[in-house]
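Chemist: Below: one structure in C-alpha cells.
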Amino acid sequence: MFLWLKCFCTLIIVTIAKNSSAKIPHCKYDETINISHFKRLNDAYIYEHFEIPANLTGEFDYKELMDGSKVPTEFPNLRGCICKVRPCIRICCARKNILSNGECSDGVKNEIKLTMLDLTMQDILLTDPTLAELNMIPQYNSTELLILREQFQPCDEIVSLKRDEYTILKDGSILLHTSAEILSNDQYCLYPEIYSDFPETIRIINRRCYRNVMPGIAQLSVISVVGFILTLAVYLSVEKLRNLLGKCLICSLFSMFMEYFIWTMDYFRLLQSICSAAGYMKYFFSMSSYLWFSVVSFHLWELFTSLNRHEPQYRFLIYNTFVWCTAAIPTVVIFSMNQMWENDPGKSEWLPLVGYFGCSVKDWNSSSWFYSHIPIVILNSFNVIMFVLTAIYIWKVKKGVKSFAQHDERNTTCLEFNVQTYIQFVRLFLIMGASWLLDQLTRLAEDSHLLLDTIVLNLTVYLNAAFGILIFVLLILKGSTFKMIMER
C-alpha cells in the first residue's frame, strides 16, 4: 500500500514538473520568442545584443496562435521571454488579416520608435506621482520596441490620444492622464493604422472585456447546422410541404442555416481567405431570415382574412424579389461604409468593421442599432402585429361558426387544420423572437458585466447555439410530418 502511494506521489510530482517546465512564470506565450538556435553564453541566451537569462526560458511542445488556440509542434522548442529584457508593445490585427499560421498580414513593421518614461507600472503604483513630477522624470528613448500582434476582441474601444494625454512606460504600460488610469501592455493595443502624426497622436484599443466561447457551444452549433440540413431536406422532398407557405419557410430556414454555418466555419478557422466576404454574407442572410419570417406572418394573416383563396401565380416570385433586394440594401450600405472609412479611426464608432473582430458585423455598441438591431426590432414588431391580428380573426371566426359545427363538420375540420398551421408558425415565431431577445440580453449582460458565469446567462447561450435542433424538433418530429413522409 505504501509503495503504491509513493509511486502515485512521484507521478504527480513528475507531471507538475513537466507542466511547469513548459511555462515561464509571469510571461505570456506571445511575449516569448524561439531561441532554440541561438547561442548560450554563460547562463544566458544572446538575441540581437540582448541577454535572456536561463530562468526566463522554457520548453514548449506547442505553438499558440493569435486567437489563443494551441497547435502541437513536431519537436519541443526552447523559448525565451524577450519582453522581460526588451520593451514590447502590442498592435492589434484585424481578424481578416490573420493567416492560418497565426501571423498577421497587414504589413505593420516589427519595430516602432516611441519615447517612454523611465518608470514601470509597478513604480507608478508604489509612488503615485503627480503629472508635474512625471514630467521631471527622465525619458527612456527606445528605438528597438518589439511589436507583439494580438487580434481584436469584442467590446474593444478605440481611443484617440494626443501627445499630452498619455505616457508610455518602459515596460510597455500606458498612463492615461485624463482618467489617471494605467493599462498594462496586455490591457491595450495600438490601432494597426499608423499615421503621419504618430506618435503626436496615437490610437489605442482599450480592452473592455474578453469573450470566450463556452465549452460545447461549437459542437452544439455543428449539430444545429445538421438540424437545419435535415429540416430543409424533409421540406424539399415532401411535395405537400412545398406549398407557398412551405416555400417561404424553406427560404427562411436556408437563411438561418447559412448564418449558423458561417459562424461555425469561422469558429474552426476555415474562412481565413474570405473572412470579410463571409461577414457580409452572414449579415445578408441574418436580415433575410427575419424578412422571410415577416413574409410568412403577412401571408398567414392574408390567408386567414382574405375571402379569395386563389393564390396569385407570381406571389412567390414577388416575395423573393422583396426579401433578397431588401436584405441587399443594408448589406451594400455597410460594405460602402467600410470601404470609404475603414482606415479612419475617427469614424470607427459608426463602422460595422466587418472582418476586424470576427467574420461578422460589429454588433455591440450604440451605432450597431442603426444597421442591425433597429431593423430587426421593426421586423419583429411587424410580426407581432400580424400574428395578433390573425389570432383575433381566428377567435372571432371560431366563435361565429361554433353554433354551426354540428351542421357542417367539413368547414370546422378545415378551420381546425388552418388553426393548427397557425399555431405551428406562432410557436416558430416565438422561438425566433425569444432567440433574438435572449441573444440581446446575453450581449447586454456581458457588456455590463452582469450575470457573468451564471446559470441564466449560460443557458441562454446554449439555447441560441441549439436553435437548429429546436427547429428540427418543432417542424419534423411530429406525427403529421411523419405521416406526410410515409405517404411520399
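From the backbone N, Cα and C atoms, a Cβ is placed for every residue, glycine too.
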Chemist: With Cys88 as one half of a disulfide in Swiss-Prot, pick the other half from Cys81, Cys83, Cys104.
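Modeler: Disulfide partner per Swiss-Prot record: Cys83.
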Chemist: Validate this pair against Swiss-Prot: Leu245 and Thr481, same side of the membrane or not.
Modeler: yes
Chemist: Name the cysteine that pairs with Cys27 in a disulphide bond per Swiss-Prot, restricting the answer to Cys81, Cys92, Cys93.
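Modeler: In Swiss-Prot, Cys27 forms its disulfide bond with Cys81.
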Chemist: According to Swiss-Prot, which residue among Cys189, Cys209, Cys248 is joined to Cys92 by a disulfide bond?
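Modeler: It is Cys189, per the disulfide annotation in Swiss-Prot.
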Chemist: Looking at Asn365, Asn458, which is the one Swiss-Prot tags with N-linked glycosylation site?
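Modeler: Cross-referencing Asn365, Asn458 with Swiss-Prot, N-linked glycosylation site lands on Asn365.
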Chemist: Select the closest residue to Cys93 (disulfide bond) from the following recorded positions, measuring between CA atoms: Asn55, Cys83, Cys155.
Modeler: Cys155
Chemist: Please report, as numbers and ranges, the same-chain residues at least 6 past the borders of the transmembrane segment (248-268) whose CB is under 8 Å from any CB of it.
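Modeler: Cβ under 8 Å, 6 or more out: 213, 218, 221-222, 224-225, 228-229, 231-232, 235-236, 242, 275, 278, 281-282, 285-286, 288-289, 292-293, 295-296, 299, 316, 319-320, 323, 358-360, 428, 467-468, 471, 475.
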Chemist: Just to be sure I understand: of Cys81, Cys83, Cys88, Cys155, Cys189, which disulfide-bonded residues have a C-alpha no more than 10 angstroms from the C-alpha of Asn34 (N-linked glycosylation site)?
Modeler: Cys81
Chemist: Hey, which bits of the same chain come close to the transmembrane segment (284-304), Cβ under 8 Å, at least six residues off its ends?
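Modeler: 244-245, 248-249, 251-252, 255-256, 258-259, 262, 319, 322-324, 326-328, 330-331, 375-376, 379-380, 382-383, 386-387, 389-390, 393-394, 397, 418, 421-422, 425, 428-429, 432.
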Chemist: Hey, what's the Cβ neighbour count for Cys189 (disulfide bond) at 10 Å?
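Modeler: A count of 25.
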